[in-house]
Structure formats: structure tokens, C-alpha cells
Amino acid sequence: MTMANSATARGNTTMARRTAADRPRGRPRGSTSRWVYVGLAAASVLALTPILWAVSTSLKPESLVINADPTWIPTNLTFENYRIVLNESMFPRYVLNTFLVAVAAVLFTLVCALPAAYAASRLPFRGQRAMLFCILTTTMIPGIAILVPTYYLAVTTGLYDTFVILVIVYAAWQVPSSVWVLRGFVDSVPVDIEEAARIDGCSRIGAFLRVLMPILRPGIGGAFILAFVNIWNDFLIASTMVSTDERRLVSVGLYQYLSDTGVIWGQLTAAVVVTLLPIIVLFTVLSRYLTAGLAAGATKG
Amino acid sequence: MGGARGAPVPQRTAVGQTPDAPDPRDDQRRPSASRPAAQRRWRSSSAPLSIGLTAPVLVLVALVSVVPIVYATRLSLFETQFMNIGEFIGLDNFRQALGTSAARADILRTLVYVSVSLVVAVPLGLALALMLNLPFRFRAAFRAVIFLPWVVSQTVAALLWKWLLNPDYGPLPLGSFDPFADSVMAMGALILANVWISYPLAAMLFLAALQTVPGELLEAAEVDGAGKLRRLVSVILPTIKSTVLIVTIMLTLFFFNMVTLVYTLTAGGPHSATQTLSLQAFRESFQFFHLGLGAAYSIVLFGFNILFGAAYVRVLRSEK
């Protein structure tokens, strides 16, 4: 309303435009917004139902889980399933393993990808586009195609069943898209800022570290979470490269549990919730970087 | 290498002839003394340094992607017995992976799985992004909730949906009808779970792209009397067209290559009703240890990826 008033004050011609422009802001209180809320509520239900059902199951005693007449809200709550998962199973170890491997792999990815992204954006040369295109094309290679050869590679280098091979393979898997995202970010930073720093006596690496890196923080955050989620959720590589229980990663642990005979759903869903929590926390903390990272990396052709 | 910075062109070339100059730390050793030439330096031929900075990525990708795919291609042309590579058999493995009626059924199922998932996930992602881009209350909360399935792994998604759709103890009124025992419903459930984990990424990418649509353009269109649908078709979609294509490419590759979800949710059943190429590649290699045949399946899969990837890239190019 205030805006409409101020528009009137500016005279007739502006008013016509103003009211039109105002409409999207003014109208959501009306019928349109109700449909938007309905749509969003439906989507939220779709997104949450499977997760909430698991949470509900994880809080039930086994007698309520195996019940032909299931209820959403447990009639008597128990944390017994969580106690068993946290104290008597290997899941905390699996979660820790996955966390360590994922962090190491993402850091390795970024250490490799950042200089490459910088070069791609700031140091052009003939044939660079083709080179970058080739790097990106490797993302078309199906993971399943390179699994057996990578297994051979791991065995022949003696790295089979170690975290090192996991970190290397994960980094190689994530590096192309990280370069892509980070290059978008470096592109969006005006070159003048670095030039100014260098005229002021900064070396190229000094300008990179002290001037460019702080500006790139959202991009690095975005690339971090993208790579982290992919690695955290991997099953194939983890199940191929590692066999010892102490070094098992969480998705393999879950699958192992499922394929064992006689699934205790209460415990399994408790384990699922335990594995979901860390990644949900990370996602919530870093989600604003995520949108920025995606905007820089993926909206460019 | 110390003075390479100062005089641009000739010494750059000298640096370039040192083949092992990939280390970014090179820069530290270089004095930052020669300020006046800074701008010229910036534009001078930068190939050696550029390649040097890219070298770690190149090594990594070559070692873990290029060498293995070459090896897999070789493997697909040989007879294998467990871990031993036997005789060269040419395209025999491919004859089995492409020529038999079972193989053709696999391919057909894969195409159904990929295309139906795409047809649902892409419009759903776009619709959600359009809604989430509007100003309304609790927007951040809605975004967080709606994007949540993105962080759920394929293994966990399979567990969650398996348990939700459980005919005996699940909360849905299925009347002890087991969707995983029916060939059509099993594929439906698989696609549902697949869409569930993949629409958030599509929505996030679309949302990021929607924020680049100039507000003035939308206002101008509205002043000119364009309705909502008209604005979507004539203003919004053309602006985010490249993102739509990128999302479609990403999801297509993701769906074609998907093993974990299929393996953990249906394991290809009932009676291979949800058997896809990627699952077949996985099982031939890791369950039956037919490494050559498994490699052949995965090369076929790679072929599909290239085919679709290249087609999209062509569309992208011609539209520009």
C-alpha cells in the first residue's frame, strides 16, 4: 500500500507501471498463494513421509514395529534401538570412518581443483577449452565401468582395503565437477581486484591466497558440500575398495545389515537416523553456499 | 626459474620446456619484484603455468578414469574366468550384452526407467523451484524440507521406501498387496524412490537459475499483459533454457548409471522386471564374476551416456 501511495505521488504515468509491478508482491495473500502453499505442503509431505516413518519406527519397541495395525505415533516411546545402535553395533565407527574419508577426499579434491579452476579462468591458452571439455567428459564414464579396473589398480598398488585408495578414487570422481563449479566462481570475480593487489606488490600466489580465496569462500563452500554429499552417499566404491569391518563405510554397513537374515527394523531405522543426522546438520549449515555454488557452476553453459 | 616472471614471453617458453613444472608452489619462489610489467605479464602466454596448475587434476582423472575405462574396454574383448583374463574373443561379449532378447529387454527397461523418471523429476523440480522462488512466509523452512531428500543416499532411500511400502507393517493402506512382488508396481516404486532422491537437485539448480531471470523483464512482460503461463513460457523458460538442458543431462547420466538404488531396493526383481543395464553390469562383474561380460555391459552403458550427452550438447549449441 505504501508503495502504491508513493507511486501516486510521482504522477499518473508512473502509477500505471507501479501498480502493475506491485501486483506480484501484493497478490500472494490472495488465491494464488493458497495454491502455492498447497503445492509446497504436498511436496513437503512427499519429502518427509519416508523419513518420518523411519523415525517413528526407530522409537518403537519391536512389538509395536511388527504390528499388523501400525501407528505413526508410537504409543510407548523407547530409545532402546538407539542405545543398541550406538553402544553395541559398529555404526558409530562406520559413521566416523565415512566422515574422515569424506573430509579428506573433499579437501584433496579442492586442493587439486582450486588451482585448476584458477588456471581455467585466469590463464587461458590455446587448447584449454578442449582440455577442460575432456576433463568434464570423464563424468560421463559410468562408475560401474571403472570399478573392476580400479579394483585391480588398488590391489596392484597395495592400496586395497585402505582409506588412501578411497580418498584417491573419491577425489578423482568429484574433481571434474568441482573444477567446473569453482571456475564459475573465479570467473565472477573481476580480474582487476587481483591486478590491483599485484601492482601493490603481491605475488600471483599472494594475490590468489589473500585476495581471491576470501572472495571465493561461498564457492568453496558450495563445492565442498556438493562433493561431500556425493561421497558420503556412495556405496559402490566403498563396497569394492574396502573389506575389513573396521574400515567399512556407513552405506556398506547399512546394506550388510539389510542383507543379513532377520532384519530388526527398529534397529535398522535407528541406524538410518544416526547416519542421516550428520549430513542433515551439514546441509542446513552450508545450504546457503549451496545455492550460490550451484548458481555459479551450473547455470553457465 | 627464478626470473621467469619479469620478462614475459621468452622465459615463459623456457619454463614451458621444463616438463615437470606442475607445482603451484613455483610461484612462491618467484620474486614479486618486477611491478611495472605486471599488466603485460597478466596477458602473456600462460600455457605452461596454466597446465602446471591443472596437472594434479589431469593426473588424477587420467589415473582413476581414463586408464580404467581403457582397461575396461580391453577387458570387454576377452574371455575371463574369475580374475584371470583368457583368450581374445572380439565382440562376443557384446553379442551377449546387445544381441540376445534378454539383453534387448534390459535396454528397453533401462530406457523406460530413465525416461519416466526424467519426465516426472524435471517438471516436478521446475514447478517446485518456481514456487520456492515466490516470496512467502517460512520460505527457508520449506526449502530445507523440500530439498532434504537430496542428502539421503541411495542405500538409505531404498531402505526407507522398502519399509514405507512394506505390505505387512507399513503405514500405507496397501491391504497386504506387495508392490515389490508385482512387475509393474515394482518398477513404479523404483521410479518413485528414484524421483524422490533426484528432484531436489533439479529444483535447487532451477532455483539458482531462476534468480538470474531479470526482474525488470518479468515486470515489462506483465505490463504488456502477459499472464502467468505466458511469462513462464516466453520469459522464464528461455532465460533458464541452458539450465534445463544441463539438469536433463545430469539426471539422464545419473539414472543410466544408477546401480545402488536398484540393487538395494528391488535387486532387479521380481523376475528381472526392474533389471537395468547398470545393474546387469554390476551383477555380471561382482556377483557372477563374468568380468568380460560385465565390462561389455558397462561399455554399452558408456555408449548410451555419450550418445545422450552429445545429443544434448548439440541441442544446447544450436539453441545458442
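Any Cβ shown, glycine's included, is placed from N, Cα and C.
Taken from TrEMBL, the feature domain 'ABC transmembrane type-1' applies to B:107-312.
The annotation region 'Disordered' is assigned in TrEMBL to B:1-41.
Residues or ranges marked as transmembrane segment in TrEMBL: B:49-71 (among others).
Feature annotation from TrEMBL assigns transmembrane segment to B:111-132 (among others). If you look at the transmembrane segment (B:111-132), the same-chain residues 6 or more away from its ends with a CB under 8 A from one of its CBs are 139, 142-143, 146, 187, 190-191, 194-195, 198-207, 209-210, 232, 236, 244, 247-248, 251-252, 255-256, 274, 276.
TrEMBL lists B:144-164 (among others) with the feature transmembrane segment.
Annotation source TrEMBL lists transmembrane segment at B:184-210 (among others).
Residues or ranges marked as transmembrane segment in TrEMBL: B:244-268 (among others).
Within the chain, the transmembrane segment (B:288-313) has long-range Cβ neighbours (under 8 A, six or more residues past its boundaries) at 69, 72-73, 75-80, 82-83, 85, 89, 93-94, 96-98, 107, 110, 245, 248-249, 252-253, 256-257, 277-278, 280-282. Residues or ranges marked as transmembrane segment in TrEMBL: B:288-313 (among others).
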* Asked: Looking only at residues six or more beyond either end of the transmembrane segment (B:184-210), which have a C-beta under 8 A from one in the stretch?
  -> 109, 112-113, 116-117, 120-122, 124-126, 128-130, 132-133, 143, 146-150, 152, 154, 157-158, 161, 165, 236, 239-240, 243-244, 246-247, 250-251, 254-255, 258, 261-262, 265-266, 269-270, 273-274
